[in-house]
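Feature list (source: TrEMBL):
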type	residues	note
DOMAIN	A:21-242	domain 'MacB-like periplasmic core'
DOMAIN	A:280-393	domain 'ABC3 transporter permease C-terminal'
TRANSMEM	A:21-42	transmembrane segment
TRANSMEM	A:275-301	transmembrane segment
TRANSMEM	A:322-343	transmembrane segment
TRANSMEM	A:363-383	transmembrane segment
């Protein structure tokens, strides 16, 4: 029997047992769809995290005061108690390094903001103008700490805060109070929303010296550094550490984090998660494969007389096996394709429901799902097909 | 030409060996019309199955058109069946989900004949068996006589040298049964060897040669 005749013959069989075929195809399709949707979810989460990191800046190096003694805990950093402060002077020295393109010292605290008869608690960031390019922040209006006026009492309001305090939009030049200090509004941040759990719409930014005075501290909370080149991050990290050790009397009491290291860890964790989820979904494919086997076994016993007849008119066992295998292949292939479509519809709905989550299944998942589905289907068809081919024709024919 | 020499077929029933065929010697010439009669269990169906290569004898030798077919592989036997033998069954054995035309087409598909040629051959055959207006009907929509005509058309479309019929009229009423027999006899007239197994005496005596079987042996051979 020629291949296309085999395929047509087995296809015709499937269309004449519609309910049976439909149920099997559905089982297969759900298995494949599960693989695609779950990997889309897992990979979407991974990409979300990666994107979040990328939005902070890719050449970023962060210096924290205090030393992480063992992996996983930063007691000094959390408590704000460190043997030696990370000072503005330290920052300036680091800024002179050849590997450093720009740097921004950072102090963070909370204070009461009052203006136009309103009062609320806000997060205050004390820093320099360099923070904008480093953190990819943008100003909606005005400017901040143009070089001439470094250290003066300027303040930039987050988009939401500006809206709250000055709903009429006349913000620039307004005078506000932060605790007991007066500031002049020189700029408003562009609305950016949430990045890495930090909402830049809800902060105010003041010069770092003003912040240190406000919070009565000499130590920086963080020092953000942008390396000149992505490839030089390791060298930059090394140079920064050496500079700070030298300045801190030979003591290695800062922690230097590169975003790449954090990113790689997250990437690894989430990739493993995606694989795990895909593994669970593959089990549903195996279940579908067993279903195909069951149904094919039932089909063989239902069609015993037909197999006997095929033998009587001179069909070799190999051809009979091929016909039943083709049937299994049709079932699983159709199921896999339907599942592929269902899975992508599912992923699309995920993306519509959670626009932040880029829930696209990874390429390998598409291929793997279809490949595994067809493979299990055909493997599951082997046993029934072989059984059909081995039937004794005389006994098969005597069965009605 | 069919030549059986010293053919035995033994079935194991529990701890008892049943000799369905007990050292049979038989020669059937091309173009003969033979009936095989006998009580049930006498081995007449087993004889037909051995002749049709559906069943393998435990011992003995079978020459079909001078070729020893006893020890052929399964695939080779299938090919011999396809080319030289046509089977007619009491219960027709049509594939229920295929139309009359598709049932008749089955043996042609097995030979790998291209579809256009198949269509032509099927149409010729449908016309020859007066089934032209039933081509697209499924077996369930056909009468018993029509079903058996489809089965005969399928068995003969590759022009086998021998037609083996096992109780071909067993599921048909008398009048339709006679028509079907007449159809088979017509095929015999143009040269096809016809072997009919039946327990219906009236049918059996129409054959030119009548074999009587009893306990796995040929008890009578009348011409």
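Glycine too: its Cβ is placed from the backbone N, Cα and C atoms.
Mean pLDDT, taken over the domain 'MacB-like periplasmic core' (A:21-242), works out to 81 on the 0 to 100 scale. Cβ atoms under 8 Å from those of the transmembrane segment (A:363-383) belong to residues 28, 31-32, 35-36, 39-40, 43, 278, 281-282, 285-286, 288-293, 296-297, 324-325, 327-329, 331-333, 335-337, 339-340, 343 of the same chain, restricted to positions at least 6 beyond its ends.
Under DSSP, residues within the domain 'ABC3 transporter permease C-terminal' (A:280-393) fall into helix, strand and coil as 98 helix, 0 strand, 16 coil.
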